[in-house]
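Student: Okay, handing you the structure first.
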Amino acid sequence: MYGFEAMTFNIHGGYLEAIVRGHRSGLLTAADYNNLCQCETLDDIKMHLSATEYGPYLQNEPSPLHTTTIVEKCTLKLVDEYKHMLCQATEPLSTFLEYITYGHMIDNVVLIVTGTLHERDVQELLEKCHPLGMFDSIATLAVAQNMRELYRLVLVDTPLAPYFSECITSEDLDDMNIEIMRNTLYKAYLEDFYRFCQKLGGATAEIMSDLLAFEADRRAVNITINSIGTELTRDDRRKLYSTFGLLYPYGHEELAVCEDIDQVRGVMEKYPPYQPIFSKLSYGESQMLDKAFYEEEVKRLCLSFEQQFHYGVFFAYMRLKEQEIRNLMWISECVAQNQKSRVHDSVVFIF
Amino acid sequence: MADHGGGGCCPPMDLFRSEPMHLVQVIIPIESARLTVSYLGDIGLIQFKDLNAEKSPFQRTYASQIKRCAELARKLRFFKDQMSKADVKSSAKSEAKPEFNFDELEIKLGELEAELTEVNANNEKLQRGYNELVEYKLVLQKAGEFFKAAQSRAEAQQTEASSQQAAEDSLETPLLKDQDSTADQGKQVKLGFITGLVPQGRSMAFERILFRATRGNVFLRQSSVDEAVIDPNSGEKVEKNVFVVFFSGERAKSKILKICEAFGANRYPFAEDLGKQAQMILEVSGKLSELKTTIDAGLSHRANLLETIGKQYEQWSELVRKEKSIYHTLNMLSIDVTKKCLVAEGWSPIFATQQIQDALQLATVDSKSQVGAIFQVLHTKELPPTYFRTNKFTESFQTIVDAYGVAKYQEANPGVYTVVTFPFLFAVMFGDWGHGICILLATLFLIFREKKYSSQKLGDIMEMTFGGRYVILLMALFSIYTGLIYNEFFSVPFELFSPSAYACRDAACSEATTIGLIKARDTYPFGVDPAWHGSRSELPFLNSLKMKMSILIGVAQMNLGIILSFFNALYFRNPVNVWFQFIPQMIFLNGLFGYLSLLIIWCTGSQADLYHVMIYMFLSPTDDLGENQLFPNQKTVQLVLLLLSLIAVPWMLLPKPFILKAQHNRIHQGQSYTPLEGTEESLQVEAGHDSHDHEEFEFSEVFVHQLIHTIEFVLGAVSNTASYLRLWALSLAHSELSTVFYEKVLLLAWGYNNWIILIVGIIVFIFATVGVLLVMETLSAFLHALRLHWVEFQNKFYEGDGYKFAPFSFALLVDEDE
């Protein structure tokens, strides 16, 4: 029923859309960031944040603050908001909201598995996990020795199970395997999410397919750059690219054979939407690529708020909030380590 | 600017014009700054301007002090949290002055917090040990039961098996079976087991994972614990299961251990030997009772500590709140380049000047500063804030006006009239002296318990009712008055002032019919004659009465509004508004509706149709009036009035914009030719504030504005008058509703002569009266009275674009925080 969402959307989605738009207006603005960047100590940051939506979450923290506390409390706020929305959501919005967290789940799985591989304490690892990607029995991941066990023991109960079908091998886990697993899972996840959004149809499908395509393309570029100079074969590399997005399929063919960053650049510059991103970078540089991508993503996410009656706003809000927390973390880290000159390196203004 | 002493047209009135204000500058030496601001906060009559608006909060001078205050506030919140957890109530505010200053308090709170956290940590440690022991004991008991049951079953099996063997000593498989059982026994010895507790919610997943991880080579027994156990790690109450896992092999063991860890299952050692078990249980019980006494001692210590905190908690938190607000205010002051003094700017009412100077002097003396603070008045063109000195009676009425818009500085305040007209208009719609008495009783209850209620926190709705108690009081009194005029008491008429003026012509005239009444006595002295009630002509008579009354009241109130605009024009010395707004408006309104009102008053009792008169006055003013001729020369009078009204419209519309334009041009020309006038001092002061004064004069904008204003007034004169008819409509609805409840419920129930029905009827009547008439009708009449004031009355003169005086005051601080 494309174009007719306005008639029925508000029956179930109206309240939550209002909520999420309200949350969005609580995001920090450029003025806030300017003030935050001038802070001298973490207490200053706390003082400034206490005048924002984060106030209640930070006000009871005793004074010698740490970056981790700030980030933890800010994440707690995001999680509280997410849980509230999830509680209120009906189908299919609740499934949509759950899809948003799968990415974190994959990251958490990888984090735990890598951690146990390097003999870290499970509790310590659990604390590092993103709270949105937690599931029951996540700690049990430490028991598994190889992918097959991983799947059979734990992940079969989680929503990630179907994504595993491509990477069940009996090989022992090592860093390389885990990284491949992460990318395979992510690929399957993105494709599944994409299909789900297509099924929802309407404005949701339109907007989400844009956002997810951007995500898929960004991952493809990252995979390519990260795998340059490793023993990953071209075919293996191509297998990790998601089967949708602007680069699919011809761009993938070209990316798969790239041998250095300038070749990647050459491939990407054929695609008009990505031209401005790469034109900002000087040749041979890949450090600032992440930030350029983040900026582009934030721009696209903000634009999705321009349209009404679709679920893309929830995805966009969660992403923007995560970006905001990343910003806060970077600023706090810079302030704490007296590196204020570098504050602007990685902060992405949202408005 | 007409700022000092008014335009001389009227005597000073407290509530009619807002307090004259001035912008003052105070230069405070830095050493006495804190004390000065604190004394000013006690007075609470100065609104500081933020002179550091461009600085972010942490760049300001006193940011570190504010941080300290925030830290103290956090500690206090921590205490409060702990107190509420331990059920210790903080004692009510004591009037005694806190005998310590800020620094001492900071040290003291720090010590207390450290002590409290230490006590808490100790208690927690003990509690944790205690909880572990409780769990251990549970494990011992439950697992002991498993083993006992298993043993008895095994014995039973063995005896059964042996008896079977004995009985069925067949030839087929005796040897094999024997081997099996011995082999089993042999294996059993090597089995290891783990016991512990797992949260009940996760027990299923736990079992499943165990099964998967060991490929089914485990034997798990679980049994639920009846009561929730406090988890030693989290300190929360959780429902738990005791489990025993049997397994074989080292690898399985390490896997199971990892799984246990992952599921937060607490493991406890367990001896297989029965005797050892009993001994362990005894040991654990002993330890438990020991720990219990230690924990109790710790808890009582903690309670004592909290008790002492609770005694002074309110004092401390007030001190911290004050301190924080002082530093916030200090942060708004700009600091001198020499860093020796702070410069404050703010609005204060002129009458408070002496008070403020006294406070400044006192602060200088008390802080033993060598230099006194300097107080001086600044001249500015900025619009001062609006400040009315209200008391507890007028406050709620002023709130009604402020809810629409805060008055412009020194413009006529409709609040003065609202005190009377608001409850009166309400009462016109709510005329019933029975209902009025009910509301009066309710509001008197609130007023008598004023002292008690004002100090405590009330619910949302209660708070609103309590805030408006004096409004409701007047509303009730006025509705008793109008109720007496309408002669309604729960819709029952009473012959209060004298018997009815009408009587039956003869004995045959029954009570039910009212035809054939003759006037027997003098006219009923006050209000409506009770004989009208229940008669067939009751409605037409009352409707005509109330409708005419509504129009009279409406025209009177609208005239009052226009006259107030005249007072405003006079006060602000604005002759244009007098000649080209006030006068044509008066002519227009009174030429049409003032004339109607006069007809209503003069021609009571005549047969003329007033609608007809009004309508044909427009449609065919020259036609013959026929039977509507009320007085000689009526046609000429009407023609003149109509012409005057018609002239009034362009009079309102056209001249004012042109005159404004001419004025503007004149001022502008004058300015360009004589740029330097006045003393240097005023120039200096004004230089800062003058820049935004040269607004562009857009003729088209002013003209459109005037056009809209005129159209609004002309159409409004008709529609607002019609709008006042709501007085009649609501009053009608009210009396009809109460008649329905009285006749169709109470009298109907009465008619059955059955006491059960009567009781039900009375209950229904009471609920309907209270719910519908006393609550809902009050609300709706209130809303309509509100609308008549906001729209019909205030749009004639009220600008309402001022801003409220928000002084820095400790007294207001407390309400704000709670």
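Count begins at 1; order follows the chain as displayed.
Cβ atoms here come from the backbone N, Cα and C positions, even for glycine.
Just so it is clear, the model here is predicted, and its values are computed rather than measured.
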Student: According to TrEMBL, which of these ranges is region 'Disordered': B:157-183, B:211-237?
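Tutor: Comparing B:157-183, B:211-237 with TrEMBL, region 'Disordered' matches B:157-183.
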Student: Given B:102-129, B:382-409, B:522-549, which one carries TrEMBL's coiled coil label?
Tutor: B:102-129
Student: Short question: most Cβ pairs under 8 Å with the transmembrane segment (B:469-486), which of B:424-448, B:549-571, B:755-776?
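Tutor: Result: B:424-448.
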Student: Which residues of the chain, 6 or more past the ends of the transmembrane segment (B:755-776), have a CB below 8 A from one of its CBs?
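Tutor: Residues 432, 435, 438-439, 490, 734, 737-738, 741-742, 745-746, 748-749.
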